[in-house]
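According to Swiss-Prot, the protein has these features:
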- 44: N6-(pyridoxal phosphate)lysine (MOD_RES)
- 74, 179, 180, 181, 182, 183, 267: pyridoxal 5'-phosphate binding site (BINDING)
């Protein structure tokens, strides 16, 4: 019988789909990896399961442990799903500016939500989570997605291998937004190991260009541009960085839905905008550009991305 023992067994093996109308007249082929096919509707399901599994194997958590994590949303949803399935209590700290849908989803899975000031960004959410662990070290466990090696490792073992397998090794360029840095690190390292000439492109908000050496700043591209260089990010793995404006990210996310029938979030818009610029360049003629799209657009209906549709 083809019956999964748990919802977490359905994480991974997400599909690749070619963009058609958005790439008309461009020199390269662009394929997008749809991470919203994961059961929690985002790429973060992968690291949520990996971090909880790692903590279980290391004996760091038990049924009395309260798992606490700082997250801009999708990691929280992934953790909430995994914790619900495995019977753990979960508390999530997140900036108050995150979308209404994400907050409701977390509560729907039974997670406790602790909101921090928007102006403090992810750094404020992380500080709050750490303060809870420091105050109750025997009760709280923090997976620390920005520092946890299980984050890039699950992308080495799963995401990268899926891309290599599904493109028959023909991938030439990999594009991903950088939040924790786990995806671009894990996927980039493996693809370059298999095919050293693969180019890896990091995407960050123009309004918070920390990877490019600029100043951090507030921006609406949820999930990327944390405002600091995460521990798990291998800053040597990407060949170039694309800075994307808020407007370009929003417009491209809307265009993906309207022209390709693929409903995605804001950071997916940023990543595809970057890929489309690359696809225009003569040196990429005939090449295959793979773009990771982290999450589903329905999670952003209350944000400025789709707010004017109401």
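For all residues, glycine too, the Cβ spot is worked out from N, Cα and C.
Since this is a predicted model, take the numbers as computed values, not measurements.
Overlay of Swiss-Prot annotations on the structure.
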residue: 44; record: N6-(pyridoxal phosphate)lysine; contacts (Cβ under 8 Å, 6+ apart): 71, 74, 75, 77, 78, 79, 294, 295
residue: 180; record: pyridoxal 5'-phosphate binding site; contacts (Cβ under 8 Å, 6+ apart): 47, 75, 145, 146, 151, 226, 230, 232, 233
residue: 181; record: pyridoxal 5'-phosphate binding site; contacts (Cβ under 8 Å, 6+ apart): 146, 152, 229, 230, 232, 233, 234
residue: 182; record: pyridoxal 5'-phosphate binding site; contacts (Cβ under 8 Å, 6+ apart): 47, 145, 151, 152, 154, 155, 230, 232, 233
residue: 183; record: pyridoxal 5'-phosphate binding site; contacts (Cβ under 8 Å, 6+ apart): 43, 152, 155, 159, 176, 292, 294
residue: 267; record: pyridoxal 5'-phosphate binding site; contacts (Cβ under 8 Å, 6+ apart): 177, 179, 203, 221, 222, 223, 224, 249, 294, 295
Binding residues 74, 179, 180, 181, 182, 183, 267 (pyridoxal 5'-phosphate) - maximum C-alpha distance in whole Å:
15
Count the other Cβ atoms sitting within 10 Å of the Cβ of residue 74 (pyridoxal 5'-phosphate binding site), across every protein chain shown.
31
Within 10 Å of the Cβ of residue 179 (pyridoxal 5'-phosphate binding site), how many other Cβ atoms can you find? Include all protein chains, please.
28
Helix, strand or coil for residue 179 (pyridoxal 5'-phosphate binding site)? Use DSSP.
coil
